[in-house]
Every structure is written in C-alpha cells, then in structure tokens.
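Colleague: Take this structure, written in structure tokens, and hold onto it; I'll ask about it next.
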Amino acid sequence: MTAIFLMSMVFGLACGQTMSFCIPTEYMMHVERKECAYCLTINTTICAGYCMTRDINGKLFLPKYALSQDVCTYRDFMYKTVEIPGCPDHVTPYFSYPVAVSCKCGKCNTDYSDCIHEAIKANYCTKPQKSYVVEFSI
C-alpha cells in the first residue's frame, strides 16, 4: 500500500510540473517617446503560458490572501537598455526593459510584473521605425 501511495505522489508531482506550461516566450514590443523622432521595435522574452490552479469552494471562510491563484511569472530576469534614436539633447534617450531568463508558476508580484487581467492594446508604433538597435546590459 505504501508503494502505491508513493508512486501516486511521484506521478502527481511530475504531472503537475509538466501540465504547467510556463516558459520564456518571444515577444515584440514597440517603444517610443513623445519627444523623440523614431520608434524602436524590440525583440525580447516574456513569461507566458498556463499554470495549474484550482478554485476553492469554501471562499467565505478563507482570508483574502488565500484566494489568489498562480500565474506564469518571472523566476529570473535581467534588464537590457536601448537607445531611442532621434531624441533632443534635453531628453534621456535610454529605455530599460526586462528580459525573461526563466519562468515559474507563482503569485503575481506587482513590484516587477503587470498583474492585470487584460492587456492594453497599445503595442504599436505611431512614428517612423529605426532599423538599428544599440543595446546595453545593466
């Protein structure tokens, strides 16, 4: 009986990890500043995918922090910095953005993640695009 219980626990843990499809995914974002002449298209990675979660029936009896569900979020990330071309001298031309190195299923941390249900559909350029990108690692 102990062997069956142990095997079911191992199988459950293995399936839980494989069913959680949360990985760094390629993402293209457009960056522009009001004062600068050009828009940059940046290829980066973000955390995207599905996480195993379950809904608790006894919601009335639990504290609010116990009701949050896991989301696909950053485990490790680094920042890269690009220079937006065509900026006047009084404007800082640098823009820093996160690059996902690895991801995990966990609580959404508003210190470094945008924890909204639906994204704002503003990922496009309104200015001419510049073809070169100079990156700096920070």
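In case you wondered, yes, glycine gets a Cβ from its N, Cα and C as well.
Residues annotated as signal peptide in Swiss-Prot, with similarity to another entry given as evidence: 1-20. Residues or ranges marked as disulfide bond by Swiss-Prot on the basis of similarity to another entry: Cys22-Cys72, Cys36-Cys87, Cys39-Cys125, Cys47-Cys103, Cys51-Cys105, Cys108-Cys115. What Swiss-Prot records for Asn43 is N-linked glycosylation site, and it gives sequence analysis as the kind of evidence.
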Colleague: Counting distance between Cα atoms, which of the disulfide-bonded residues Cys36, Cys39, Cys72, Cys87, Cys105 is nearest Cys47 (disulfide bond)?
Modeller: Cys72
Colleague: Cys103 (disulfide bond): which of the recorded positions Cys22, Cys39, Asn43, Cys72, Cys87, Cys125 have a C-alpha within 10 angstroms of it?
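Modeller: Near Cys103 (disulfide bond), where near means Cα within 10 Å, the recorded positions are Cys22, Cys72.
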Colleague: Work out how many Å separate Cys51 (disulfide bond) and Cys72 (disulfide bond) at their Cα atoms, rounded off.
Modeller: 6
Colleague: Can you tell me which disulfide-bonded residues out of Cys22, Cys36, Cys72, Cys87, Cys125 are within 10 A of Cys108 (disulfide bond) by Cα, answering none if there aren't any?
Modeller: Cys72
Colleague: Between Cys72 (disulfide bond) and Cys39 (disulfide bond), find the distance joining the two CA atoms and give it rounded to the nearest Å.
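Modeller: Cys39 (disulfide bond) has its Cα 29 Å from the Cα of Cys72 (disulfide bond).
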Colleague: Here's one to test understanding: among the recorded positions Cys22, Asn43, Cys105, Cys125, whose C-alpha is closest in space to the C-alpha of Cys36 (disulfide bond)?
Modeller: Cys125
Colleague: Determine, to the nearest whole angstrom, how far the Cα atom of Cys22 (disulfide bond) is from the Cα atom of Cys87 (disulfide bond).
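Modeller: Roughly 37 Å, rounded to the nearest whole number.
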